[in-house]
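Structure, as structure tokens:
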């Protein structure tokens, strides 16, 4: 009995001890869990997880909407295989979205600039700054133009030399090679090969090779060093020389353009009719004949025309004037000034009988027509002989009844007002007369009268030799002047020089030169 009581007591004691231990351990776990919650902040982590889930769900919805819109816009496609599970599907959608964004970014980087060019942008009005007029700059630009045009002029000279058979062996070799290439249909490849060869030679020349080949020997003009200090007259004459060259160049260009316009506008029907018939024949031939045969015929004709026909026409001008149809048509085409002269001539022919009758009625009996014209000739400021204090028999020659506009440059004077004078130059049988435009009275001291017999030298005058041509001035030397007088800025300088020099030689051969004097 005692043993049972002891055993039961021990059993109860051990059970109570275990309960106490388990209770203590639960309390310790709860305390540790509470501490862990405080340390890790599980609630905030849960909130962040919930936010990420909502974001992911929103992104999946947007991706689905984008894919649906693209599927609606794209054409129907064949049914695909069975889709993978939901997790793999979302990953594939995300990967497609990444690839599509990369593709859009690449396209925008590559072609976005070009697409923006098509947008309407208002044009910016830029005003180019004009350089002030400078004689040094003008001379430099003339030299640059001359150097830049030299390759083109050399090429044209070489072509002309080939056509003229300047070098017989070179022209014969070129003729044989071209005709052989044209016969076998290799004319265009041959010309392209020559262009490639020329560029290759230019490359070697740029690298320092000395390669020079020309049918016509090149003539290098000596380059005159630029003048640093130019006088007022030299600057003025320089500008006038350049203006004369520009005037002549523009005149030639205007003649070419007006002739082309008049050719196409049926101003001269005979010439335009020939062009009209040729165009119809070329059109019918191009419709009937094959292009290979047509190219073959054109190549042969170009070679024969360039090497043989042009050579014969240049050697025999009479033959060219009679049988060279393009040359005849081009020379017969009128320019606009020529058309105006024709119309004025037609009108004057109609009016001439009436004018002649009225003039005969006004001329008194016993007075010749020459005396009447000489007596009535006058300038804007009065009678000619009164302005220059000459006899009534002195009058301008027929070639200069209205005079030549020019400026007198007296290099003996230092005052600007006396250095350059604008006016009109006349030549009579015995005198050279200059009427100053600034003279107020009829017989002014600013007018100049020079006896032809007093002239010691007469030459054409030019400021700078670098400019092409012979200038626009006439130099007159007399014993009474230290430096020659210069009549510059003359548009018709050559005509004036020829008239003055002819009359001067006529006076010098008929009379002996008296003592030098100037009125």
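The backbone N, Cα and C atoms fix where each Cβ goes, glycine too.
TrEMBL: automatically predicted annotations, no manual curation.
Of all ranges given (69-95, 96-122, 123-149), TrEMBL attaches the label region 'Disordered' to 69-95. Annotated range for transmembrane segment in TrEMBL, selecting from 185-205, 206-226, 227-247, 248-268: 185-205. The stretch that TrEMBL tags with coiled coil, taken from the ranges 35-69, 280-314, is 35-69.
Among the residue ranges 3-19, 156-172, 275-291, the one that TrEMBL annotates as transmembrane segment is 275-291. Through the fold, the coiled coil (35-69) approaches residues 90, 93-94, 96-97 of its own chain, all at least 6 residues removed from its boundaries and within a Cβ separation under 8 Å.
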